[in-house]
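Worksheet for the structure shown next.
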Amino acid sequence: MAQKDMQDFDKIIVLDYGSQYNQLITRRIREFGIFSELLPNTTTAAEIKKIAPKGIIFSGGPMSVYDGGAFSVDPEIFELGIPILGICYGMQLISFKNGGNVEASTEREYGKAEITVTDKDSDLFKGLPEKQTVWMSHGDKVTAIPEGYVTVAESDNTPFTAIENRDKHIYGIQFHTEVQNTEFGNDILKNFAFGVCGAQDNWTMNDFIDMQIEKIREQVGDKKVLLGLSGGVDSSVVGVLLHRAIGDQLVSIFVDHGLLRKGEVEQVMESLGGKFGLNIIQVDAKERFMSKLAGVSDPEKKRKIIGNEFIQVFDEEATKLNGIDFLAQGTLYTDIIESGTSTATTIKSHHNVGGLPEDMQFSLIEPLNTLFKDEVRDLGEKLGMPYELVWRQPFPGPGLGIRVLGEVTEDKLKIVRDSDLILREEFALAGLDKTVWQYFTVLPGIRSVGVMGDGRTYDYTVGIRAVNSIDGMTADFSRIPWDILQKVSVRIVNEVDHVNRIVYDITSKPPSTVEWE
């Protein structure tokens with residue numbers, strides 16, 4: 001059977017106009033089984049023609065289409081005959097470029113709004129209720145639609161909430177289908193993707209695995225690849241995927257800096273080195289890191305010390321190896337998007353990964369750079385990786401070094417390790433380990449008076465942090481049931497030495513960050 005490539009899959013591309021929800025649009029389309037990618041708004045009609053997508057989506061954005069310097073579009077894209085859906089700014093751009101009118105709205109709409117579908121023959125709203133709740137986020141609105149377009153939905157403040165040109169298959173909606181607050185958002189996107197574009201849901205993770213293995217083998221040949229294992233999800237999945245493709249041509253370096261979670265070193269070595277057979281060079285650098293951190297309390301100094309020391313250790317080990325031609329990284333699609341939707345930009349900015357010396361010339365392999373985080377977890381499961389590795393909590397590069405506020409000592413690290421394990425165990429028992437985006441314990445360095453048994457104590461406070469987020473840019477504290485928090489609290493106080501008080505962090509991001517340091 002012939003090997004599949006990207007030309008074998010239907011695609012819908014999203015042009016990036018700066019919306020905070022851009023990644024969500026792409027993810028929603030992929031969830032339908034259709035491959036989707038985010039491209040710069042400067043992408044030309046000729047470039048799109050080569051990609052041959054089934055559909056094009058113009059995203060939302062913060063600009064006003066009538067301002068000088070506003071993001072625009074190659075007008076030839078409207079003549080390709082490929083269905084187009086404009087969302088928010090995208091709809092305004094379609095109207096503006098085709099003879100309609102867009103003005104600043106006297107009443108801005110941010111948040112939930114009620115719309116009414118006014119055309120029962122609408123392609124976008126086919127099979128959906130007349131009244132719907134949607135999520136608006138706009139300060140401009142269309143005040144006159146182009147010739148050939150019809151209005152298919154309206155709201156009290158926005159008479160042209162959705163428009164269609166069925167002859168040219170060009171559509172616009174003023175609200176955001178991609179966010180959960182839009183009641184029938186997925187259905188509208190499905191009507192566009194399947195009904196209008198005629199796309200097939202033929203994109204699967206198993207196809208991705210087969211294509212990546214073939215691609216890696218072609219790229220690497222008989223040469224060797226170096227991977228820095230952190231114990232996190234991304235590098236672990238990269239390791240297993242590469243090993244399946246090229247076996248022992250992959251050499252991994254795992255630096256134990258003494259700032260990992262309880263049982264993490266053993267789990268990585270037993271699972272990746274044992275079950276999956278990765279060739280792992282384990283470096284015990286605990287004493288080296290702790291000696292450098294002694295007496296240091298400033299969080300930025302701690303980060304720099306940990307980062308620089310990690311680079312140095314990795315460099316020392318890498319220079320001992322001969323015949324390495326490739327460096328593998330766990331770069332995700334989100335990293336590329338945040339670098340300006342440009343793969344070339346990302347490769348350049350990440351090329352000297354970990355501060356590797358300039359004379360160590362590696363070619364870069366980034367097998368996950370078209371995937372989102374949730375897709376990486378799906379990939380890990382398809383590769384047969386254990387639940388504990390695939391669903392491991394996000395973990396900062398400096399590790400527990402920034403979850404111990406102030407000076408890092410072995411005693412303080414033990415408190416964080418033990419309390420964090422209890423939190424993870426109880427969240428797993430309660431089924432919260434997949435529903436809460438990130439959760440961990442932190443040692444603020446606060447000591448307070450308590451009573452345990454018949455005696456007075458003066459011990460540490462442990463903080464619990466649990467948040468929900470989509471992309472980490474903003475986050476809201478999780479509403480954890482009190483009985484679960486109480487159980488965690490009782491266990492930590494009883495099972496972890498030198499702790500007599502537990503607090504729960506109920507601040508969101510912003511104003512706080514997810515991590516305390």
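Every residue gets a Cβ built from N, Cα and C, even glycine.
Copied over from Swiss-Prot, here are the features:
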type	residues	note
DOMAIN	11-202	domain 'Glutamine amidotransferase type-1'
ACT_SITE	CYS88	active site, nucleophile
ACT_SITE	HIS176	active site
ACT_SITE	GLU178	active site
DOMAIN	203-392	domain 'GMPS ATP-PPase'
BINDING	SER230, GLY231, GLY232, VAL233, ASP234, SER235, SER236	ATP binding site
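Features per Swiss-Prot, on structure.
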| residue | record | DSSP (3 states) |
| --- | --- | --- |
| CYS88 | active site, nucleophile | coil |
| HIS176 | active site | coil |
| SER230 | ATP binding site | coil |
| SER235 | ATP binding site | helix |
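If you take the Cα of GLY232 (ATP binding site) and the Cα of HIS176 (active site), they are about 33 angstrom apart, rounded to a whole number. In sequence order, TYR21, LEU24, ILE25, ARG27, ARG28, ILE87, GLY185, LEU189 are the residues of the chain that are 6 or more apart from GLU178 (active site) and have a CB within less than 8 Å of its CB. The distance from the Cα of SER235 (ATP binding site) to the Cα of HIS176 (active site) comes to 34 Å. Between the C-alpha atoms of VAL233 (ATP binding site) and HIS176 (active site), the distance comes to 31 Å.
Non-local neighbourhood of CYS88 (active site, nucleophile): SER19, SER59, GLY60, GLY61, SER137, HIS138, ILE173, GLN174, PHE175, HIS176, each in the same chain, at least six residues away, with C-beta under 8 Å from its C-beta. Each residue in LEU229, VAL237, VAL238, GLY330, ARG392 lies on the same chain as SER230, GLY231, GLY232, VAL233, ASP234, SER235, SER236 and has a C-beta within 8 Å of the C-beta centroid of that ATP site, without being one of the site residues. Non-local neighbourhood of GLY231 (ATP binding site): PHE254, LEU260, GLU264, VAL265, GLN267, VAL268, ARG392, PHE395, each in the same chain, at least six residues away, with C-beta under 8 Å from its C-beta. When Cβ atoms from all protein chains are considered, those within 10 Å of SER230 (ATP binding site) total 20, not counting its own. Sequence-distant contacts of SER236 (ATP binding site), defined as residues of its own chain at least six apart whose C-beta falls under 8 angstroms from its C-beta, comprise LEU229, VAL268, LEU272, GLY380, MET385, LEU389, ARG392. Cβ crowding, taken as the number of other Cβ atoms within 10 Å, peaks at HIS176 among the recorded positions HIS176, ASP234.
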